[in-house]
Amino acid sequence: MGVQEPVNATAAYSGRGLVFEPPEAFRKRAFISSMEQYRELYERSIKDPEGFWREQAQRITWFEPFHTVKNTSFDPSNLYIRWFEGGKLNAAYNCIDRHLEKRADQVAFYWEPDNPDEEGKAITYRQLYEEVCRLANVLKKHGVKKGDRVTIYLPMIPEAIYAMLACARIGAIHSVVFAGFSPDSLADRILDGEATYLITADEGLRAGRRVPLKRNADQALERCPDVKTVLVVRRTGGDINWVEGRDRWYHEEIQTVSAECPPEVMDAEDPLFFLYTSGSTGKPKGVVHTTGGYLVYASLTHQFVFDYHEGDIYWCAADIGWITGHSYIVYGPLANGVTEVLFEGTPTYPDPSRIWQVVDKYQVNILYTSPTAIRALMREGDEWVKKTSRKSLRLLGTVGEPINPEAWLWYYRVVGEERCPIVDTWWQTETGGIMITPLPGATPLKPGSATLPFFGVQPAIVDNDGNILEGTADGMLVILDSWPGQMRTVYRAHDRFVQTYFTRFPGKYFTGDGARRDEDGYYWIVGRVDDVINVSGHRLGTAEIESALVLHEAVAEAAVVGYPHEIKGQGIYAFVTLKAGYAASDQLRQELIQHVRKVLGPIFTIDLLQFTPALPKTRSGKIMRRILRKIAANEYQDLGDTSTLADPSVVEELVQNRLNR
Ligand code: PRX
């Protein structure tokens, strides 16, 4: 950390680093306004989960009440996770219909386009209702029924929200695929999810560039014969290919149906959606979330973590293609009846002031973004921030990766002018909602720490053998008992669910993250301990990148690891051996980088690619990734035990030609 002294009245130097108390003005109106209050409620949530969650579940409108609050077991030989059994509800009804009486004319979201000169939109809850009902009727007209899967491949436009909620309304299960994924990645997800319906757009717009979504979709669908209907939103009006009988224009279809569509009555445990995420092995997993528990959890965490009050303007600058968009753009906030911002563009386009201009334009009070965005903006210099007002901001949040104290302090001082608490929220696609986080009116903040568990969450740190470590500790992060927002299974692969999360430490949910707990009980997330890397807050499986590399005719073998990257948190470092007859060259390096982007999508851009005659392997032929990680991090002096290497000279060669210096 660069700065160590106290900077204002709210920051005290504890001898262990900076601690920031909640500003008094913030504390006064906060729902949870003292640590005593937090502790009392937390204790209760752990001692009496049934009572606690029965009460919290009342924030949702149930068509029929549940009879059992919690029915869960983390025993890998008999694993089940069920919440609010017997309860009947509809997620779209909760996000829209129940608000109509009070807030039909309130803006649900402002849509801010990529280009600041293009006119945005303000969508009220009544309009949201009509748009969602129309689209739900279009889906029904094309035969989509409860339980059917619909893939959504859309940019950040209002129709993305309509599409998710239209599925929820009729009980179809949505599977959103991030618009930055390639045709192949899209096809894999459609096939795995057995989707029969696709919603996409002609093109997306990001930072002034066009993203050929329809073209990607056409290519993906060559492999997906079961998709019989494609609904296409016209975003740019660009030229696209058209398949008669299969493709339909969104704007034409919604004219043919009514603006009323009764919500399907769903069971609490009926799937609401699945969303693919990368693990250490194999293909991405379809993480399944169900209706009741997920909605209760998303809405409760949204209200308490962001201290959301009626009338606040809220902006989560994530993409709906990730879990953050699902839980904190769509389901949590809309269930709470917010007014929010939906932003199509990027924080630095057309210039690095854009994000703050949007804050001023809509008078945003609560901003939730990623450490990568903060680091990128910090690099551009303070002037871009300071030339805007930002007076409306009351609370700042981050998610997706560890935030380094320098970036935290910059966000706190320059952006929030020491007036806004920062909630550093730790969670995962699998957890459905925020798990470890400050409560902004109560928790003293330490830059870089996600602080303490949310209500009902029991984190623990274990050693390699699964022993729970008490007090200050360094090890692996597990969760000891279920919470309502937890994923229920991997789509069509329940064994994989049990295997991935519950067998390494039987009886506990294993997060895949390493963590430290300090003398105040605060959690510091260190990062993944498996072969998952986190690039700009995007979770990428090294196995996927390796598989893509070896698809190229020149590649014999590939090993991919993450390395520390100043802006992106982690960068992608690939070690590649070539087949006989191919020679290493800059041209081939570029070709391989482009090849991986094409196979997986542009977020998979390899930063450093080192050709090598051989990879370091054990005598049994296992690649020693530990060594590769060290070399990639430029920590080659300290490679640890290399005695099990089959051929130690390989390492010397790798070190000599390392690329990160
Ligand atoms: O390693 C942790 C990191 O992101 C992983 C989860 O990624 P994903 O499922 O894509 O969800 C991201 C958005 C919730 C975690 O295993 N991570 C997420 N939030 C934080 C974090 N690491 C440190 N601090 C955080 N606040």
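Placement of Cβ uses the backbone N, Cα and C atoms for every residue, glycine included.
Taken from TrEMBL, the feature domain 'Acetyl-coenzyme A synthetase N-terminal' covers 38-95. Mean pLDDT for the domain 'Acetyl-coenzyme A synthetase N-terminal' (38-95) in the predicted structure: 98.
Residues or ranges marked as domain 'AMP-dependent synthetase/ligase' in TrEMBL: 97-479.
What TrEMBL lists as CoA binding site is Arg206, Ala207, Gly208, Arg209, Thr324, Ser536, Arg597. According to its DSSP assignment, Ala207 (CoA binding site) is coil.
Sequence annotations record features per position, and here TrEMBL assigns ATP binding site to Gly400, Glu401, Pro402, Asp424, Thr425, Trp426, Trp427, Gln428, Thr429, Asp513, Arg528, Arg539. In sequence order, Pro371, Gly448, Trp524, Ile525, Val526, Gly527, Gly569 make up the list of same-chain residues 6 or more apart from Pro402 (ATP binding site) whose Cβ falls under 8 Å from its Cβ.
Annotation source TrEMBL lists domain 'AMP-binding enzyme C-terminal' at 544-622.
The secondary structure of Val550 (Mg(2+) binding site), as reduced to three states from DSSP, is helical. For Val550, His552, Val555, the entry in TrEMBL reads Mg(2+) binding site.
Within 10 Å of the Cβ of Lys622 (N6-acetyllysine) there are 11 other Cβ atoms, across all protein chains. The N6-acetyllysine annotation in TrEMBL covers Lys622.
Checked against ligand 1, the binding-site residues Ala207, Gly208, Ser536, Val550, His552, Arg597 give no residue with a Cβ under 6 Å from it.
DSSP gives Thr324 (CoA binding site) a helix state. According to DSSP, Lys622 (N6-acetyllysine) is assigned to coil rather than to any helix or strand. A straight line from the CA of Arg206 (CoA binding site) to the CA of Gly400 (ATP binding site) spans 21 Å.
When the alpha carbons of Trp427 (ATP binding site) and Thr324 (CoA binding site) are compared, the span between them is 9 angstrom. Neighbours of the Mg(2+) site: apart from Val550, His552, Val555, residues of the same chain with C-beta atoms within 8 angstroms of the site's C-beta centroid are Ala548, Leu549, Leu551, Glu553, Ala554, Ala556, Ala558, Val576, Leu592, His595. For the pair Thr425 (ATP binding site) and His552 (Mg(2+) binding site), the C-alpha distance works out to 39 angstrom.
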